[in-house]
Amino acid sequence: MKDEEGEEEKEKEEKEKEEVKKEKKGKEEAEEKKKKEEKEKDKLGETEQEAKIEEMKEEEKKLEKERKEETEKEKIAEKEAESEKEEETEEKKESKKVEKGKKIEEISDAETEKLELSKNSWPELLGANGKAAAALIEKENKYVHAIVLKEGTPVPRDFRCDRVWVWVNECGVVVRVPIIT
């Protein structure tokens, strides 16, 4: 009986060993399957990442095209602005010459800038009657005192504020642009 029991125990041990081996194989196979699945997922993840990278590259290309278009538009706008500035400077150069009857007097750049900036000057009165110009200036501005002077006359001492010298020639025509001093 001992032999039978010993044989049965051996058989049981062998069966247990086989079962353990089968379990190990099953576990190993399951682990291999998991690894394969993970690899496949990684591959899918890599392909997804590659697709995302390609999309990003395409977006970057689109952005670069847009930037180029914007820079071209800016360059065109700058060129237009430059041409407008050139036209304005040409117009200013032409407007610097003020007609006085037959005479044309050139005004310096500083004077033209003052005239453009000053709201208290009357370039339209050049060539007008001196007394009428003085009356018009005083009518437009209540607190301004307009004084008519012949050209070449020394300036009188007048300590009032907001005075305008209206310079006229022998005929009584305004020769200089009246400006509030």
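Just so it is clear, glycine is given a Cβ too, placed from its N, Cα and C backbone atoms.
Source: prediction; values computed, not measured.
Here's what TrEMBL has on this protein:
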{"type": "COMPBIAS", "residues": "1-11", "note": "compositional bias 'Acidic residues'"}
{"type": "COMPBIAS", "residues": "12-82", "note": "compositional bias 'Basic and acidic residues'"}
{"type": "COMPBIAS", "residues": "90-103", "note": "compositional bias 'Basic and acidic residues'"}
{"type": "REGION", "residues": "1-103", "note": "region 'Disordered'"}
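For the compositional bias 'Acidic residues' (1-11), same-chain residues at least 6 beyond its ends with a Cβ under 8 Å from one of its own Cβ atoms do not exist. Each residue of the compositional bias 'Basic and acidic residues' (12-82) gets a DSSP state, and the totals for helix, strand and coil are 71 helix, 0 strand, 0 coil.
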